[in-house]
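**Student:** Pulled the feature table from TrEMBL, pasting it below:
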type	residues	note
TRANSMEM	A:47-64	transmembrane segment
DOMAIN	A:89-295	domain 'Cytochrome c assembly protein'
TRANSMEM	A:96-113	transmembrane segment
TRANSMEM	A:175-195	transmembrane segment
TRANSMEM	A:249-266	transmembrane segment
TRANSMEM	A:273-292	transmembrane segment
TRANSMEM	A:312-331	transmembrane segment
DOMAIN	A:315-640	domain 'Cytochrome c-type biogenesis protein CcmF C-terminal'
TRANSMEM	A:352-374	transmembrane segment
TRANSMEM	A:394-413	transmembrane segment
TRANSMEM	A:425-443	transmembrane segment
TRANSMEM	A:449-468	transmembrane segment
TRANSMEM	A:489-516	transmembrane segment
TRANSMEM	A:618-638	transmembrane segment
Amino acid sequence: MIAEAGHYALILALALAAVQSTVPLWGARRGDARLMAVGEGTALGQLLFVSFAFAALTAAYVTSDFSLLNVVENSHSAKPLIYKVSGVWGNHEGSMLLWVLILVLFGAAVAAFGRNLPLTLRANVLAVQGWIAGAFLIFMLAASNPFTRLDPAPVQGRDLNPLLQDIGLAVHPPLLYAGYVGFSIAFAFAIAALIEGRIDAAWARWVRPWTLAAWIFLTLGIAMGSYWAYYELGWGGFWFWDPVENASLLPWLAGTALLHSALVMEKREALKVWTVLLALLTFACSLLGTFLVRSGVLTSVHAFAVDPTRGLFILVILAIFVGGSLSLFALRAGKLRQGGIFAPVSREGALVLNNLLLSTATATVLVGTLYPLALEGVTGEKISVGAPFFNATFGPLALALLCAVPFGPLLAWKRGDLFWAVQRLWAAAGVAVLGGACAALFMTGGPVLAPLGVALAFFIIVGSFAELTERTRLFRQPLSHSFRRATGVPSAVWGGALAHAGLGLCLLGVVGATAWNEERIQTLRSGEMIEFGGRDLVLENVGERMGSNYRDIVGSFAVRRGGTVEKRVESSKRFYTARQMTTTEAGLLTYGFSQLYVSLGELGENGTVAVRAEWKPLVLLIWLGPVLMALGGVLSIADRRLRIGVPRPARARRVAPVPAE
Amino acid sequence: MTRKGRRLAFIGCAGAVLAIAAGLVLNALNDTIVFFSGPTQIVQQPPAAGTRLRLGGLVENGSVRREGPEVHFAVEDGTSRVPVVYAGLLPDLFREGQGVVAEGAMEPDGTFRAASVLAKHDESYMPREVAEALKEQGTWKGNP
């Protein structure tokens, strides 16, 4: 009964989406405020109905209602509660429901918090949101209904894919989707601007917080997915250039470019046409990502759907939205007036360079991801494009961009002075040289270029704070004075510095973990050990343990240094009975930012077990970097400048006049 | 610089970056892509030693044995078999008689040295390349 109600709620949401996609648009055309206001109610109504549908599906999962096909295929009554809940989005239908839920959540947020937007702009934005929600609701109801019943209902379910029964993967999809879908707001704003044929700095100020929010979620989502792959797949790698990973990297790269170009538009009213195009392309990348992952053209953990009609359906949605928006762009872009001019060496110039490199890098990733699919479609030849391709194409472009990162914020708007900027970066360069030299001296092995990578990372980390040092007159005036100045610096400047430093940290982690990674693979019996740079990793015993819906083969290890036990760690092979499937639960020992990674391989005869131990220097920085980036994003959103409309203090003063008595 | 001159400079820069990127991509597509082949193809037309390729097929029953850090097994498709050596841990879903894709290169002695081994992700999934290669060889036993 609840399931039917959930299904019905989706149909109602579709009806509301249909209203929302037409009435406000018509209202905006006619200048009718009442018609435009309809969008607000429908957006909130859609959120209500889709949330209800989502709650209904969650309830079915929590109570293990095996009369629902979706629950049978992806749940098991013995599964821990958290994975019953995360199982809701651990499958095709449920994840599409989550996608739509987040979409209508963003739509409702625009309706609720966008009261200071011009009426017509808001009406048009909501209408575009209505189109997207409508398209995906039709897709769900027609081709991937999560509420399909099964008669007779089986007694037990088939369990969730064990790889997905993990806390990391419980949080990864919602974060990632919040990122993907958040870019739909930028898309809707861009379409609305094209429909109105008018765009200005205020537009960029409205778009930036939404884009930033989406970018923060996407950054965290990608980092989370990467960390999951690191400890759950048992290979110890953090990025595989798998097409599915690329599908999330594409919108991230385009979205990062969009953030930066919106900055130029907000400050200087330049790059208008380009910013609008980027907003369209970023969401196109999100849709492409959804298509690649959900259509079954790729085989991977993420590809749940193998039903070709679904792939075709998403492809049609993709074609309509991308094709339609680009045609609209081609028709209307000419109407958008160009803004301020600037010299090549200037903040704008640096941001243009950033955009140029980021969008080119996006294009290379796109080519590498789609080329094998296209080639197979055309010639039938099967090839794979892996890390070597991306290292050779994405690598140099990213490197060029990374080198330029510290310079950008030091250049003035309109006309900058490169020499002045270079002078401000001598300290960073000094630290970089020192860091690189230390790496070359103390780290043995590894590629020759690795110390240079370390130097570049230090250059970015220290260089990111050069603008702040300059603004606060740090080291040149008394500390108290600098502190007072620091509190006056806009939080967006702090945000930018942190985000750039996060990028440097991430680079440092990548260089450390790839260049000085030490790997040992040995077959061990209980009591035997692997020697590891002054430490001994001893396999103490191998035992068996039962979990709620799995059985563990646990290897208990002790790390000894000079005869005393320093730390203990367990690593296990987990066998899920319902799916007859094994997963690796790697054992991780943290030393500062570095980790010792222990995973078990196959069990041999007479009690031996293959053990892989890896020393991964600085590996945690790979994920701490993105966390810092996201923190920078949060600070940037918190900046007062982005909260537009009537300044709040002024409004407060007006509201509370004290009557004279 | 005039407005027009500036615009030309920007377009020139953009063109240069795009040209470099295009060059990198074309170059990389020549050097780094990896072709897929089955055991029969490899036995009939042995690739040059050292050429990177992906080998897909079924893990031969009874062929898996570990020698220290290295594991040996053979990949077959019903007609031919190719011995494989891999220094690493086999993935969780690796099993005898089941589909596998190994990426690596042939050694001069005719064994395939794998740099990575991928196995299917769940009980109903067979790497697509493997399924198609088996169908070509007529040894496919699953659904059409």
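FYI, residue positions are counted from 1 along the chain as it appears here.
Glycine is treated like the rest: Cβ placed from N, Cα and C.
Mind mapping these onto the model and telling me what they sit next to?
**Tutor:** Packing against the transmembrane segment (A:96-113) from elsewhere in the chain are residues 13, 20, 39-40, 43-44, 46-47, 50-51, 53-54, 57, 88-89, 122, 125-126, 129-130, 132-133, 136-137, 139-140, 144, 146, 173-174, 177-178, 180-182, 184-185, 188, 210, 290, 294: each is 6 or more residues past its ends and has a CB under 8 Å from a CB in it.
The list of residues near the transmembrane segment (A:175-195) in space but at least 6 beyond its ends in sequence, with Cβ under 8 angstroms from a Cβ of it, reads 25, 28, 95, 98-99, 102-103, 106, 110, 121, 124-129, 132, 203, 206-207, 210-211, 213-222, 224-225, 248, 251-252, 255, 258, 276, 279-280, 282-283, 285-286, 289-290, 325, 328-329, 331-333, 336.
Under 8 Å from some Cβ of the transmembrane segment (A:352-374) lie the Cβ atoms of residues 241, 243, 246-247, 249-250, 253-254, 256-257, 260-261, 264, 271, 274, 278, 281, 285, 292, 297-298, 382-385, 389-390, 393-394, 397-398, 400-401, 404, 408, all in the same chain and six or more residues away from its ends.
Counting same-chain residues at least six beyond the ends of the transmembrane segment (A:394-413), those with a Cβ under 8 angstroms from any Cβ of the stretch are 267-268, 342, 345-351, 353-354, 357-358, 360-361, 364-365, 368, 420-422, 424-425, 428, 456, 459-460, 463-464, 466-467, 470, 493, 496-497, 500, 503-504, 507.
Sequence-distant contacts of the transmembrane segment (A:449-468) (same chain, six or more residues past either end, CB-CB distance under 8 Å): 399, 402-403, 405-407, 409-410, 424-425, 427-429, 431-440, 443, 474, 486, 489, 493-494, 496-498, 500-501, 503-505, 507-508, 510-512, 515-516.
With a cut-off of 8 Å between Cβ atoms, the residues of this chain six or more beyond the transmembrane segment (A:489-516) that come close are 238, 402, 405-406, 409, 443, 445-447, 450, 453-454, 456-461, 463-465, 467-468, 471-472, 593-594, 615-642.
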**Student:** Could you give the residue numbers and ranges of same-chain residues that sit at least 6 residues beyond the transmembrane segment (A:249-266) on either side and whose C-beta is under 8 angstroms from one of its C-beta atoms?
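**Tutor:** Hits for the transmembrane segment (A:249-266): 179-180, 183, 186, 201, 203-205, 207-208, 211-212, 214-215, 218-219, 222, 272, 274-275, 278-279, 281-283, 285-286, 288-289, 339, 347-348, 351-352, 354-355, 358-359, 361-362, 365-366, 369.
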